[in-house]
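Take a look at the structure set out below.
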Amino acid sequence: MEDFVRQCFNPMIVELAEKAMKEYGEDLKIETNKFAAICTHLEVCFMYSDFHFINEQGRSIIVELGDPNALLKHRFEIIEGRDRTMAWTVVNSICNTTGAEKPKFLPDLYDYKEDRFIEIGVTRREVHIYYLEKANKIKSEKTHIHIFSFTGEEMATKADYTLDEESRARIKTRLFTIRQEMASRGLWDSFRQSERGEETIEEKFEITGTMRNVADQSLPPNFSCLENFRAYVDGFKPNGYIEGKLSQMSKEVNARIEPFFKTTPRPIRLPDGPPCSQRSKFLLMDALKLSIEDPSHEGEGIPLYDAIKCMRTFFGWKEPYVVKPHEKGINPNYLLSWKQVLAELQDIENEEKIPKTKNMKKTSQLKWALGENMAPEKVDFDDCKDVSDLKQYYSDEPELRSISSWIQNEFNKACELTDSVWIELDEIGEDVAPIEHIASMRRNYFTAEVSHCRATEYIMKGVYINTALLNASCAAMDDFQLIPMISKCRTKEGRRKTNLYGFIIKGRSHLRNDTDVVNFVSMEFSLTDPRLEPHKWEKYCVLEIGDMLLRSAIAPVSRPMFLYVRTNGTSKIKMKWGMEMRRCLLQSLQQIESMIEAESSVKEKDMTKEFFENKSETWPIGESPKGVEEGSIGKVCRTLLAKSVFNSLYASPQLEGFSAESRKLLLIVQALRDNLEPGTFDLGGLYEAVEECLINDPWVLLNASWFNSFLTHALR
């Protein structure tokens, strides 16, 4: 019977039935008829609700799948299939919003058109007997009862059948099909009588005639008749199955399944070489902002106007000079590029009306920095296919780099709180469905924990820069447009604030394909002296451009202000994903939500409030050489968000490969911790696949280092 249920019903229905039986402490291996009955009841409830909607006039309408009107309000709220806590939450919410009387027992559905709860019954007996049993149990005239039988009969309160005839016929046909399928397998009598608790009568069903011929013709290869196949299935033992399949593949394949013990795995080998360097598209922890509070200047909101206003707040400009040269670049060109930006901004201020956008003069330094006329000339293949030594463009293998402490510091900083609020979520209207109350509560708690987080600042900065760069790339393809790097936030007191991080100058941008590259030069303010970690700034030329007075407890302190300049590039597809960095908030919220759900299912009630408000409880955050790090739920939220943000900022083929391959190793280790006695073949090949992704990417190297810490502590 269990096999039949798994074949006959949708996997989602089977999973819900399994959860329901587990919730009531019943063993589906023993109570197989009950398992089938629960699945049948669930399917009828879902079919009852399917395709029924309420239109804007409040009328009930039927909409088939794929119809654009499917965005209309569902006529029925499904209560059956939810765990008890969630089901009662839904019922209570419906009662609060509609004024309906709260039922004593959990009903199956709520009908928004007729404003009533519905109890669905599916019986293998006489419908009127089962109806009376239901009515006596519920003892409420407010709950509508609708009973279906496997014979096509039905009975409902006051003969009000709620649904149209076609919808009910669909349910009856499905029940009849289930009965037929059970009967053909010799399961129906047992199932029918189990509702009354009668003794089961074993009946031998012989398949004859056409059906027997069809059965014999539908067998896998190598089986001559149904009996042979039945005997094989009954005697099938899965042990040794993988080895058997592998041996069939090829004579060269000789894979032996090796047991995986605590002593089996070794640490992942991290590459040796010079320390890795920063490769993000903009500065992270080292960024400096020039800010204006409560902006109300003319043209407020226009990036160039905002940038000029922010630049005016700083008075410590001085003659710039190079303090950390770029090893391979022409450093005077970077210096001249910054001087050109200052000069052209000054020219704008001298104009009567400030323009909304600024296109830079195409000077020799900018042409060099933006790679103008540097691309190799493209030649039609037909013109050179006869060249005898035609070969692919040669490029060196990337140099291996070792992990450096700066990337861990970057991550730690991303998890910290700032003194500003970086996100204000839009109002999304009143909660309508009951489950929306819980969703809103979770969203609000999560937002409170991450709205001040530095990782959230990186999201908003990334969204702004990528949006501005993509817009400029499309609107001013041939121009070297000056793009201010801006973000907006609110102070603790709620005052609006506009921040300027620096500038981008965009190169030519005739982007036809998603992967076509636009070059840009970034110029970003910072107080970080690059000489402290020169390896981090390998790709940058760093200028000293001014002195900034910083408030301190004793007296103002003067600190040199630096400008980090580099040539960079991006593509349409990368900018498109950069514009959607807010998705990181959603991903980390979903991870937190799964933690809440796990806790709620153990406690059998929604634990959202307790989860966020119990400040004394700590949760695992991650692995470090010291062991498992723990922190508050807020720290967990911010750490998960920072991981998601860094996956976006440092997205690369190396990260894709490492994530996919290391996950396989993680699953094997997890199986060992769960005492599932995992076996492996070609473990060396898996390590090879993981380690070939460790080349020079700082974020991948940090993840590999964390993975080694996990291995150490997981296998103690």
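Quick reminder: no glycine exception, Cβ is built from N, Cα and C everywhere.
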- Out of HIS41, HIS297, HIS326, Swiss-Prot lists as part of the Mn(2+) 1 site with ASP108, GLU119, ILE120 the residue HIS41
- Swiss-Prot tags one of 60-75, 124-139, 428-443, 668-683 as motif 'Nuclear localization signal 1 (NLS1)' - which one? 124-139
- Message: Between GLU119 (Mn(2+) 1 binding site) and GLU80 (Mn(2+) 2 binding site), how many Å separate their Cα atoms?
- Response: 10
- Note on the structure: As a whole number of Å, the Cα atom of ILE120 (Mn(2+) 1 binding site) is distant from the Cα atom of GLU80 (Mn(2+) 2 binding site) by 9
- Note on the structure: Around the Cβ of HIS41 (Mn(2+) 1 binding site), other Cβ atoms within 10 Å, all chains included, total 20
- Message: With helix taken as DSSP H, G or I, strand as E or B and everything else coil, how many residues of the motif 'Nuclear localization signal 1 (NLS1)' (124-139) land in each class?
- Response: 12 helix, 0 strand, 4 coil
- Note on the structure: Simplified to three states, DSSP reports GLU80 (Mn(2+) 2 binding site) as coil
- Query: So what sits near GLU80 (Mn(2+) 2 binding site) in its own chain, CB-to-CB under 8 Å and at least six residues off in sequence?
  - Reply: HIS41, LEU42, CYS45, ALA87, LEU106, ASP108, LEU109, ILE120
- Apart from HIS41, ASP108, GLU119, ILE120, which residues in this chain have a Cβ no more than 8 Å from the mean position of the Cβ atoms of those residues at the Mn(2+) 1 site? VAL44, CYS45, GLU80, PRO107, LEU109, ILE118, GLY121, VAL122, HIS146
